Amino acid sequence: MASLFSGRVLIRNNSDQDELDTEAELSRRLENRLVLLFFGSGSCPQCQAFAPILRDFFVKLTDEFYVLRAAQLALVYVSQDPTEEQQDLFLRDMPKKWLFLPFEDDLRRDLGRRFSVERLPAVVVLKPGGDVLTRDATDEIRRLGPACFANWQEAAELLDRSFLQPEDLDDPAPRSLTEPLRRCKYRVDRTARGKRGPGSGSPPEPEGGAEGGGAGELF
């Protein structure tokens with residue numbers, strides 16, 4: 001997964017804005033995790049409405065106040081903001097564990113084209129190897145909240161580092177009965193990696209289009 005950002009800098013959304021600028025640091029933050037790419041903009045009303053939902057979703061999975069052990073989850077904010085000031089303002093109340101690309105990095109735009117993002121907000125869920133697990137999880141996060149992660153984790157066959165096979169049982173624990181359904185629902189689209197959509201020259205539109213969303217043109 002770190003290879004997606006190889007040679008780039010990711011910044012932690014903390015007060016010091018620590019930079020992850022080495023392969024070792026990127027690997028430590030991204031490897032063996034599900035990675036959410038959050039495409040949003042502070043000038044988009046739908047993004048402003050969704051951001052608190054995504055913030056609570058992330059915090060309840062990664063903050064030890066809510067869980068005994070943080071989920072194997074990382075989030076990278078891929079800003080579609082027209083100015084750096086708007087990007088900073090949008091991130092101000094977001095979790096410190098969020099990562100984001102520097103505003104001047106063109107990868108912000110390239111990722112939108114690569115993953116065929118057509119509207120904002122969008123949350124692309126990536127498996128640890130970089131394959132797309134779901135193209136846009138915004139509706140699922142709204143409906144199910146943190147329960148999404150268990151579905152994604154099982155579908156991605158993510159290794160849980162705290163899991164140990166029981167040694168005192170003759171029979172291994174059965175797999176989840178819902179596994180076949182999740183495998184079907186989250187069928188990995190391997191062609192999505194590196195794919196450029198047909199409208200690669202245009203920035204993604206706010207959810208609902210320019211007429212109904214009130215956001216109009218972003219740039």
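Backbone N, Cα and C atoms are what each Cβ position is placed from, and that goes for glycine too.
This prediction places the mean pLDDT of the domain 'Thioredoxin-like fold' (32-132) at 95. The domain 'Thioredoxin-like fold' annotation in TrEMBL covers 32-132.
Positions annotated as region 'Disordered' by TrEMBL: 167-219.
The compositional bias 'Basic and acidic residues' annotation in TrEMBL covers 180-192.
Annotation source TrEMBL lists compositional bias 'Gly residues' at 209-219.
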How do the residues of the domain 'Thioredoxin-like fold' (32-132) split into helix, strand and coil according to DSSP?
-> 34 helix, 24 strand, 43 coil
